[in-house]
Amino acid sequence: NIISFMTYLAPLPTFYRIYKNKSTEGFQSVPYVVALFSAMLWIYYALVKSDETLLITINSAGCVIETLYIAVYLAYAPKKAKLFTAKILLLINVGVFGLILLLTLLLAAGQNRVVLLGWVCVGFSVSVFVAPLSIIRQVVRTRSVEFMPFSLSLSLTISAVVWFLYGLLIKDKYVALPNVLGFTFGVIQMGLYAFYRNATPRVPAKEVADDTKQASVDGTFKVAEHVVTIAKLSVPPPPAEEAIAKQENDKAAAAAKEEDTQGKKVANMGSNNADLQV
């Protein structure tokens, strides 16, 4: 119970980061939704089997902790991620759990109900350990362990070993069997962490917006150029009043010039007459 409780608390740094940055970034909600569903199933199994105080206490704590994680995720997730999380919550934690509850109550009784429910718990406990596969895929794709904390992988592995031994000691195969797979996936996650912890992260091309970035030949990314066309401004035409005044000035100048020309002609004619008289 102590180790499992520490395992439930292992994602705290992740959710503190979500709270601090006000963003879920690349984190997934699926592992926490599935973990909540598994805890609900194990509480039901422990109540049906009876005398399973340890299973009831740790899975009750798990339900509370996982619910808080999901609430924080929903508070800061983008709209699309919120809708997806809400859908799988309704589908798995309400629909599927309600169906299991109904079928086990109607189709079996006594020890048969314990056996049926035990195998159901085994199947869905396996899904808890399979859920992080989406994170493993992301680690391989991006070559980054940012979204797979080592503390969580380590605590899951240790928890799987302890619960496997506990299942053997109380001779409950339904408790022991799923933790074999849990140990396997825990070791895989720790191995990936050791392999990629010093690797250079790779940014997936689909995460880069086509309208703001373009890939260069050497694989790096650069900001796309923004071309701005600057038009040369022309001198605006003069107002109508100024045009009319200009025309009148031009006419007056032309008339003065013509008058001056006529005066010169008259003067020249007078000079010629005087010469003739002499």
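For all residues, glycine too, the Cβ spot is worked out from N, Cα and C.
Caution: TrEMBL annotation is automatic and unverified by curators.
Look at TrEMBL and you will find 243-263 tagged as compositional bias 'Basic and acidic residues'.
The compositional bias 'Polar residues' feature in TrEMBL is assigned to 269-278.
The region 'Disordered' annotation in TrEMBL covers 239-278.
Feature annotation from TrEMBL assigns transmembrane segment to 30-48 (among others).
Per TrEMBL, the feature transmembrane segment maps to 54-76 (among others).
Per TrEMBL, transmembrane segment is recorded for 88-110 (among others).
Summarising the annotation, TrEMBL assigns transmembrane segment to 116-135 (among others).
With a threshold of 8 Å between CB atoms, the same-chain residues lying at least 6 positions outside the transmembrane segment (147-169) that come near it are 3-4, 6-7, 10-11, 13-14, 25-28, 54, 129, 132, 135-136, 138-139, 175-177, 179-180, 182-183, 185-187, 189-190, 192-193, 197. Annotation comment: TrEMBL describes 147-169 (among others) as transmembrane segment.
With a threshold of 8 Å between CB atoms, the same-chain residues lying at least 6 positions outside the transmembrane segment (175-196) that come near it are 55, 121-122, 125-126, 128-130, 132-133, 136, 139-140, 143-145, 148, 150, 153-154, 156-161, 163-164, 166-168. Annotation source TrEMBL lists transmembrane segment at 175-196 (among others).
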Surrounding residues of the transmembrane segment (88-110) on its own chain - C-beta under 8 Å, 6+ positions past either end: 29-30, 33-34, 36-37, 40-41, 44, 48, 70, 116-117, 120
